[in-house]
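Listed features, source Swiss-Prot:
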type	residues	note
DOMAIN	6-154	domain 'MGS-like'
BINDING	HIS19, LYS23, THR45, GLY46, THR47, THR48, SER65, GLY66, HIS98	substrate binding site
ACT_SITE	ASP71	active site, proton donor/acceptor
Amino acid sequence: MDQKIQSLPAKKNIALVAHDGKKAALKLWCIKHLNALSEHTLYATGTTGHLINKTTGLDVIQLLSGPMGGDQQLGAKIAEHEIHMLVFFWDPLASQPHDPDVKALLRLAAVWNIPVACNEVSADMLLSSPLMNVELERTLPDYEKYLATRQIDI
Ligand SMILES: O=C(CO)COP(=O)(O)O
C-alpha cells in the first residue's frame, strides 16, 4: 500500500488501557509520571479511566469499558487519527472475553503507525523519549490513494 507522511502533534492524545491484572501497575505508572502526562490529552477505556482520574486527579476522557466496546472505540479513534499513542498494559497471563477487540486495537495501532507501550519499561521509554514533546513525522497508509484503487465499476 502507498504511504504518506503525516505529523503527530507535540501535544499528544494518549490512550491509557489496562486489563484488571495490570490496573495497579498502570495506576502506579500514572502517579510516577503525573507531570509529564498532564501535558497531554488522556483517553482511556471506562474502568481504567475512572481509576486513573480518581487516584491521580488527571483529566481523562473516559470511553466505554473495554469488554463493552471501549477497545473498539479506541481503535476507531486511532483509525481517525485522533489517538497518537497507546499505553496498553494488557495481561499476558489472563484470557479476556473480548480478546478479538484487544487484538483489533493492537492491530490498528500497528496499521496507523502510532507508538505503543505494553508494560512499565516500554511506557517509561516512550514517555522519556526526546520525541515525546515535539511534532513527529510518521508514515501511514495513504487512504485516499487506496480508496481510488478500490472504485470498482460493476
Ligand atoms: O478491557 C480492557 C482492555 O481490553 C480495559 O477495559 P476497562 O478499562 O474498562 O477495564
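In case you wondered, yes, glycine gets a Cβ from its N, Cα and C as well.
As a summary of secondary structure, the domain 'MGS-like' (6-154) carries 70 helix, 28 strand, 51 coil according to DSSP. When the binding-site residues THR45, THR47, SER65 are compared by the number of other C-beta atoms lying within 10 angstroms of their own C-beta, SER65 comes out lowest. Whole-number maximum of the Cα to Cα distances across the substrate-binding residues HIS19, LYS23, THR45, GLY46, THR47, THR48, SER65, GLY66, HIS98: 17 angstrom. Of the recorded residues, THR47 (substrate binding site) and ASP71 (active site, proton donor/acceptor) place their C-alpha atoms 12 Å from one another.
In this structure the C-alpha atoms belonging to THR45 (substrate binding site) and ASP71 (active site, proton donor/acceptor) are separated by 7 Å.
The Cβ of HIS98 (substrate binding site) lies under 8 Å from the Cβ of GLY66, PRO67, ASP71, each of these being in the same chain and 6 or more residues away along the sequence.
In the shown protein chains, 29 other C-beta atoms lie within 10 A of the C-beta of ASP71 (active site, proton donor/acceptor). Sitting within 8 Å of the Cβ centre of HIS19, LYS23, THR45, GLY46, THR47, THR48, SER65, GLY66, HIS98, and not among those site residues for substrate, are the Cβ atoms of VAL17, ALA18, ASP20, ALA44, PRO67, GLY70, ASP71.
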